[in-house]
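Feature list (source: Swiss-Prot):
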| type | residues | note |
| --- | --- | --- |
| ACT_SITE | 231 | active site |
| BINDING | 230, 234, 240 | Zn(2+) binding site |
| DISULFID | 179-334 | disulfide bond |
| DISULFID | 201-222 | disulfide bond |
| DISULFID | 338-358 | disulfide bond |
| DISULFID | 360-369 | disulfide bond |
| DISULFID | 380-408 | disulfide bond |
| DISULFID | 435-456 | disulfide bond |
| DOMAIN | 135-335 | domain 'Peptidase M12A' |
| DOMAIN | 330-370 | domain 'EGF-like' |
| DOMAIN | 380-494 | domain 'CUB' |
| CARBOHYD | 5 | N-linked glycosylation site |
| CARBOHYD | 27 | N-linked glycosylation site |
| CARBOHYD | 70 | N-linked glycosylation site |
| CARBOHYD | 106 | N-linked glycosylation site |
| CARBOHYD | 503 | N-linked glycosylation site |
| SIGNAL | 1-22 | signal peptide |
């Protein structure tokens, strides 16, 4: 068992030492076709295909042309890495057992009928189906499908050192962010076996005592924390975000750009197998499809965000979001380990490994999420006050020959009863799906828990967004490349629309720690003032 104070380096040393024991390394040859038989699953996939066709039979191709981006590199995704196994994997990367898939198919069919009944004003089991929105990520066998006694795991000898490190980072992340215990396998009959001898990145979903050994594949191209944390989340019991039964409230599905025999991958999971714990749909979840997943026209998305400002947020491979972490904590009943709950603010929740403090949404810090999160440098980040007159903000984060993650966190505040308008003037960055390497994230909603509007593509220039409330946390981040953004901001009354008036403030520059910031009030606050 891992000490709660164990750092990743200490954890790595502990596991590597355990790896020297023979029982921790497997040389058994295992491939996906040894686990699943296409002949058994194809009939069920066909049923789901018909279900999707029926549900979206009247749909028209729907997407905003402004969401077609000129990506700097060919988009990658777990689904694309698993193209070889499209005929056997569910939703691109889940090795679902016949029994589990049968339950999903039956639940999906019954739920579709229930929705039709609801439209006629009927009730389901004596209750309105509207209640399903308040349910959680679990199936009929819960809690038998979670690893209540901890997760034993072992490596296959085929795993590369890079793959092992990426897996251990994911294990350590889910240990640190939840109450789940992990330990290298000794003689446990139920355990996770990570393999690297097969193609692709795929996993089973949840604990299945009937399988005993459950396989997680981290093949060539999958050796990235965003991928390993995603696959391990499946093994711990989490489905894809876009499988939620309430997804149509957040994204539009375009079936006309998906090959007919792949439509089953867009079936929604019913409340019998999936629950949401009342948490919001998170387009920025690491468990969400990329916009163009399974599209036969690469430039046209299969999934389009209803709020088009969230389109670039979809498909990130950075790692689990705050909502992903919150769902996992709820799924494993972690907060029950604390006799009292911490007074968390801004959407935070009690940290089960230290019940006196909170886990905080991105952009917030402090014991109770009452403060702004810290930035990578003392020369960036802080509070900005919005005024009726327009102010301008410019920032450039540069990477040296040795790249490292750099994030500057700001909160824009306006008086009570006002809203904040941000006019993005220019973005200079590498444009990729999900904007997870370098970009700007604006949290314009009152609910700070989901990932906000992310922008990293030059096409986002001249875009205006308006907040729901009087505070906007925003993050400017660079992980691999230089990033630069310029925008103007001001406040308006809650009933006002966009205002195009411009009134530039003095331009000030701070070039310490590779950060260049322009904002009069900010630089006066940190006591660094130099006329450009």
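Including glycine, each Cβ sits where the backbone N, Cα and C put it.
Rounded to a whole value, the Cα-Cα separation of residue 338 (disulfide bond) and residue 231 (active site) is 28 Å.
Sitting within 8 Å of the Cβ centre of 230, 234, 240, and not among those site residues for Zn(2+), are the Cβ atoms of 78, 91, 93, 94, 203, 231, 233, 238, 239, 286, 287. The helix, strand and coil residue counts that DSSP assigns across the domain 'CUB' (380-494) are 3 helix, 61 strand, 51 coil.
Using a 10 Å radius centred on the Cβ of residue 456 (disulfide bond) and all shown protein chains, the other Cβ atoms total 28. A C-beta separation below 8 Å, combined with a sequence spacing of at least six in one chain, links residue 334 (disulfide bond) to 178, 179, 180, 352.
In the three-state DSSP reading, residue 358 (disulfide bond) counts as strand. When the Cα atoms are compared, residue 234 (Zn(2+) binding site) and residue 201 (disulfide bond) turn out to be 11 Å apart. Residue 380 (disulfide bond) sits 19 Å from residue 456 (disulfide bond), taking the C-alpha atoms as the reference points. In the domain 'EGF-like' (330-370), the DSSP tally of helix, strand and coil residues is 6 helix, 6 strand, 29 coil. Residue 230 (Zn(2+) binding site) sits 25 Å from residue 27 (N-linked glycosylation site), taking the CA atoms of both as reference points. Across the fold, the C-alpha of residue 231 (active site) and the C-alpha of residue 201 (disulfide bond) stand 7 Å from each other.
Residue 222 (disulfide bond) and residue 240 (Zn(2+) binding site) have their C-alpha atoms 17 Å apart, to the nearest angstrom.
The Cβ neighbour count for residue 230 (Zn(2+) binding site), using a 10 Å radius and every protein chain shown, is 26. If you measure from the Cα atom of residue 106 (N-linked glycosylation site) to that of residue 240 (Zn(2+) binding site), you get 18 Å.
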